[in-house]
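Residues or ranges marked as domain 'Orotidine 5'-phosphate decarboxylase' in TrEMBL: 9-235. Residues or ranges marked as substrate binding site by TrEMBL: Asp15, Lys37, 64-73, Thr128, Arg190, Gln199, 219-220. Taken from TrEMBL, the feature active site, for OMPdecase activity applies to Asp64, Lys66, Asp69. Residues annotated as active site, proton donor in TrEMBL: Lys66.
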Amino acid sequence: MRNERLTERLYVALDFDFMDEALRMVDQLGDTLRSYKVGMQLFYKTGPVILERLHAEGCKVFLDLKFHDIPNTVAGAAKSATSLGVSMMNVHAAGGMEMMKRAKEASVAAAQATGAEPPLVIAVTQLTSTDQQTMNNQIGIPGTVEAAVIRYAKLAQAAGLDGVVASGHELPAIREACGEEFVTVIPGIRPKWAEANDQKRILTPADAMRAGAHRLVIGRPITHAADPRDAARRILEEMGEVLS
Ligand SMILES: O=c1ccn([C@@H]2O[C@H](COP(=O)(O)O)[C@@H](O)[C@H]2O)c(=O)[nH]1
């Protein structure tokens, strides 16, 4: 996975209200980037047609709907999402072992039924917008964020999932606990020149690559930039410098 081309290791979050805006961004970025994340904001407005349009452009899609429900419902959602041809989808690790296991099994079965490559199914651990204080005092999870993330990551791995979404801060501990092959997808990425916005556990693209991230997810530093293509190029350059 680390041998993937740089452009395949950076997913741009298409957090837009309308399909036209999202497709304009894809057009603007051109061949600089071809991997996109579609989340709730856009998918709930457009439905699967946005995925068809991105696939028709030859882009890879991470469907970020963060399923969290009873195992039977999440298994059904994973089956439906797999039929949409996405290359990666996610569930909340807080849904527990059976929910995650059923999601992965349903996804593999749905892909096998059509002879398609099964998507990666990964688990969201602790959102990058939460810090220690919020986690302990509001959500009520005791201990450090890192300990909570590792607990979720080990549970996801035991459930047969392919990897996790976490912040770059926990990367070394995840690699130690779950091994090098367990996929790490890292949002909360902020180049030095970008604002943090609502993200709390942030890392620069270079630091995340140095810490061993498989894939980065970046939205606003690219999509809200005056020149998104230039922002994407600068980020890819920063990632590339670490690898060279
Ligand atoms: O812990 C998480 C899980 C998912 N996300 C998603 O990633 C992008 C980040 O966008 P930015 O504009 O770069 O902040 C966004 O779509 C989130 O839904 C996350 O940030 N943290």
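Even glycines carry a Cβ here, placed using N, Cα and C.
TrEMBL labels come from automatic prediction, so no person has curated them.
Sequence features, as recorded in TrEMBL, placed on the structure.
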residue: Asp15; record: substrate binding site; Cβ neighbours (10 Å): 18
residue: Asp64; record: active site, for OMPdecase activity; Cβ neighbours (10 Å): 26
residue: Leu65; record: substrate binding site; Cβ neighbours (10 Å): 17
residue: Lys66; record: active site, proton donor; Cβ neighbours (10 Å): 16
residue: His68; record: substrate binding site; Cβ neighbours (10 Å): 17
residue: Asp69; record: active site, for OMPdecase activity; Cβ neighbours (10 Å): 15
residue: Pro71; record: substrate binding site; Cβ neighbours (10 Å): 18
residue: Thr128; record: substrate binding site; Cβ neighbours (10 Å): 25
residue: Gly219; record: substrate binding site; Cβ neighbours (10 Å): 19
Mean predicted confidence [pLDDT] for the domain 'Orotidine 5'-phosphate decarboxylase' (9-235): 98
Rank aside, I only need the closest one: which of the binding-site residues Asp15, Thr128, Gly219 has its C-alpha nearest to that of Asp69 (active site, for OMPdecase activity)? Thr128
Gly219 (substrate binding site), DSSP three-state class -> coil
Quick one: which of the recorded positions (Asp15, Leu65, Lys66, His68, Pro71, Thr128) have their CB closer than 6 Å to ligand 1? Asp15, Thr128
Counting distance between Cα atoms, which of the binding-site residues Asp15, Pro71, Thr128, Gly219 is nearest Asp64 (active site, for OMPdecase activity)? Asp15
Please report the DSSP secondary structure of Asp64 (active site, for OMPdecase activity), reduced to three states. strand
